[in-house]
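**Q** Here it is, the structure in full.
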Amino acid sequence: MSKPSLLILPGDGIGPEVMTEVRRVIDWLEKEKDISFDVTEDIVGGAAYDAHGTPLHDDTMAKAQEVDAVLLGAVGGPKYDALDFNVKPERGLLRLRKEMDLFANLRPAVCFDALAAASSLKHDVIAGLDIMIVRELTSGVYFGEPRGVFTEGNERVGINTQRYTTSEIQRVARAAFELAKKRNGKLCSMEKANVMESGVLWREEVQKIADAEYPEIETSHMYADAGAMQLVRAPKQFDVIVTDNLFGDLLSDIAAMLTGSLGMLPSASLGLPMANGRPKALYEPVHGSAPDIAGQGLANPIACILSFAMALRYSFDMGEAAALVEGAVEAALADGLRTPDLMTVEGGTKVGTTEMTDAILAKMAAA
Ligand code: NAI
Ligand code: MG
């Protein structure tokens, strides 16, 4: 089998800083575990604007379409705030998402024991949490027509339309069921079928896919408002949650904040399977370019390292290597190492970007 290919796009601000640390993890795996990747690196966002006058060069876009996975740092920064809308750094990221047709956004919520005390939830509610929210990303109420602000008689009316086709529901459902298969065989779909017709269709289509293609997966349905309550009351009852764009926006933010700092949160966006069976995929930390701490060696590299671990598991079928990386992150945190963003947790030793990775690599070696 050919080597898995990875396109690395560090971007701006702390993007290149955290990506340097991911490169060290990749180098370690290549040297110690005999896993090899076909890695190429390119520029995106403000860095690409500076070099090419566009936040994403066509050649970079073409490369992104060919590789097994793209790993992106972060884009943007004050230097680019005054730029024209069409060449803003964010447009580079949006173009990637759009042209790769990344319709399934994966946001894990994992509670590392060492950080459980920082959660707003009680320890036993949160300890050991490991769930995955799959949000539909390219359709629904953020895109549906008609939309706009109109005048009706002597009133103005703002309109947005929730619209889902069967194929849009089916493809995100399949992506979520595939994840459930790689995880714990459990999936909960959320909508509001009690008050929304689009929700009725969503529920019917998810159940059809479950019956026809994934009978081994334990499938359930929940109204999204009840789901929001359950996420805070007893989040560990879930494993994979699949939901639409709007509810997913809210539910994934709730789930993320159950567990702590922005510097800890990875994400992935998946598209349709390519010829080799792997889905189109973009992995990226949830955080931005953090201009307030850029260039100071203070950025927490964990969100980006965990994004790479997701690529190992979900694009490359290297679950063991993913678990090695995740376990090493957990162990480094358990030793009390804290980048400044994690100092809200009591105790611990303050470290910078490089030292945190040093510790993670040492834990990988010791595992
Ligand atoms: P941000 O996520 O960059 O920063 C928010 C706060 O969290 C800051 O105080 C920052 O220092 C801290 N933080 C973020 N990541 C961290 C990490 N790994 N380690 C330690 N602390 C961390 O969001 P903000 O400030 O709203 O945006 C800054 C720039 O980033 C803007 O230009 C924005 O457009 C861009 N941005 C880019 C995103 C992307 O590339 N996906 C997402 C969000 C914002
Ligand atoms: Mg949001």
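Residue positions begin at 1 at the first shown residue.
Even glycines carry a Cβ here, placed using N, Cα and C.
Annotations in TrEMBL come from automatic prediction, not curation.
Residues or ranges marked as NAD(+) binding site by TrEMBL: 77-90, 288-300. Feature annotation from TrEMBL assigns substrate binding site to Arg97, Arg107, Arg135, Asp225. TrEMBL lists Asp225, Asp249, Asp253 with the feature Mg(2+) binding site. The domain 'Isopropylmalate dehydrogenase-like' feature in TrEMBL is assigned to 5-360. Feature annotation from TrEMBL assigns site 'Important for catalysis' to Tyr142, Lys192.
I'd like to know what surrounds each of these features in this structure.
**A** If you draw a 10 Å sphere around the CB of Asp81 (NAD(+) binding site), it holds 10 other CB atoms from the protein chains shown.
A helical conformation is recorded for Arg97 (substrate binding site) in the three-state DSSP classification.
Counting only same-chain residues six or more apart in sequence, the Cβ atoms lying under 8 angstroms from the Cβ of Asp249 (Mg(2+) binding site) belong to Arg135. According to DSSP, Asp249 (Mg(2+) binding site) sits within a helical segment.
Neighbours of Tyr142 (site 'Important for catalysis'), defined as other CB atoms within 10 A of its CB across all chains, total 15.
Taking all protein chains in view, 20 other C-beta atoms sit within 10 angstroms of the C-beta of Lys192 (site 'Important for catalysis').
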**Q** Taking the Cβ of Pro89 (NAD(+) binding site) as the centre, count every other Cβ atom within 10 Å, in any protein chain shown.
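**A** Total other Cβ atoms inside 10 Å, all chains included: 28.
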**Q** Using a Cβ cut-off of under 6 Å to any atom of ligand 1, determine which of the recorded positions Gly77, Pro89, Arg97, Lys192, Ala290 qualify.
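**A** The ones that qualify, in sequence order, are Gly77, Ala290.
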**Q** Can you tell me which of the recorded positions Arg97, Lys192, Asp225 is spatially closest to Asp81 (NAD(+) binding site)? Compare CA atoms only.
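**A** Result for Asp81 (NAD(+) binding site): the nearest of the recorded positions is Arg97.
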**Q** Where the criterion is a Cβ under 6 Å from an atom of ligand 2, which of the binding-site residues Asp81, Phe85, Arg97, Asp249, Ala290, Leu298 meet it?
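**A** Listed by sequence, the hits are Asp249.
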**Q** Arg97 (substrate binding site) to Ala290 (NAD(+) binding site): how many Å between their Cα atoms?
**A** 21
